[in-house]
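Chemist: Pulled from Swiss-Prot, these are the listed features:
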{"type": "BINDING", "residues": "Asp10, His12, His44", "note": "divalent metal cation binding site"}
{"type": "BINDING", "residues": "Asp10, Val11, His12, His36, Ser37, Asp58, Ile59, Gly60, Phe63, Ser64, Asp65, Thr66, Asp67, Arg144", "note": "4-CDP-2-C-methyl-D-erythritol 2-phosphate binding site"}
{"type": "SITE", "residues": "His36", "note": "site 'Transition state stabilizer'"}
{"type": "SITE", "residues": "Thr135", "note": "site 'Transition state stabilizer'"}
Amino acid sequence: MDFRIGQGYDVHQLVAGRPLIIGGVSIPYERGLLGHSDADVLLHAITDALFGAAALGDIGRHFSDTDAAFKGADSRVLLRECVARVKAAGFAIQNVDSTVIAQAPKLAPHIEAMRANIAADLGLPLERVNVKAKTNEKLGYLGRGEGIEAQAAALLVKQGG
């Protein structure tokens, strides 16, 4: 079998006046993530992991942050389009594991909703999607609450190969 592993990463600055959307879930908080789209750091990292595993480049190659078509875009829509492109390249998604690093807010109450959204968008059973939340132990820009980071890994298998 032809297995492919992809790794994804994203980080966005926390700012006032923006909603906080992570894993397709709106999270009550006084600040949100700054970005061209909805700035869903988790879905962007997963999208990058999937494109990377299929050797299709990265999220910026497919959904440029200079393209007005993606201004304010729902990252769940972008993730579903990524899935379609990965499948068109002949791959099946096996699983995704991800980590969100945020000093605040606490994400644990939202993890299961994030997993459900991601599983639905990937067309996978829930047990093949994992989301973890960590703090940065008050270290660096993440520890000071200046931003939120996400990392993801994805496993694909080439169909018919």
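Placed from the backbone N, Cα and C atoms, the Cβ positions cover glycine too.
Can you tell me where each of these features sits in the structure?
Modeler: Shown in sequence order, Gly8, Asp10, Ile59, Ser75, Ala150 are the residues of the chain, 6+ apart in sequence, with a C-beta less than 8 angstroms from the C-beta of His44 (divalent metal cation binding site).
DSSP gives Ser37 (4-CDP-2-C-methyl-D-erythritol 2-phosphate binding site) a coil state; it is part of no helix or strand.
Every protein chain shown contributes to the tally, and the Cβ of His36 (site 'Transition state stabilizer') ends up with 16 other Cβ atoms within 10 Å.
DSSP classifies Thr135 (site 'Transition state stabilizer') as coil under the three-state reduction.
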Chemist: C-alpha of His12 (divalent metal cation binding site) to C-alpha of His36 (site 'Transition state stabilizer'): distance in Å?
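Modeler: His36 (site 'Transition state stabilizer') has its Cα 10 Å from the Cα of His12 (divalent metal cation binding site).
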Chemist: DSSP on Asp67 (4-CDP-2-C-methyl-D-erythritol 2-phosphate binding site), three-state: which is it?
Modeler: coil
Chemist: Could you check what DSSP calls Asp10 (divalent metal cation binding site) once collapsed to helix, strand or coil?
Modeler: strand
Chemist: Other residues near the divalent metal cation site, CB within 8 A of the CB centroid of Asp10, His12, His44?
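Modeler: Residues close to the divalent metal cation site, other than Asp10, His12, His44: Val11, Leu33, Gly35, Ala39, Asp40, Val41, Leu42, Leu43, Ala45, Glu149, Ala150.
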Chemist: Of the binding-site residues Phe63, Asp65, Asp67, which one has its Cα closest to the Cα of His36 (site 'Transition state stabilizer')?
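Modeler: Result for His36 (site 'Transition state stabilizer'): the nearest of the binding-site residues is Asp65.
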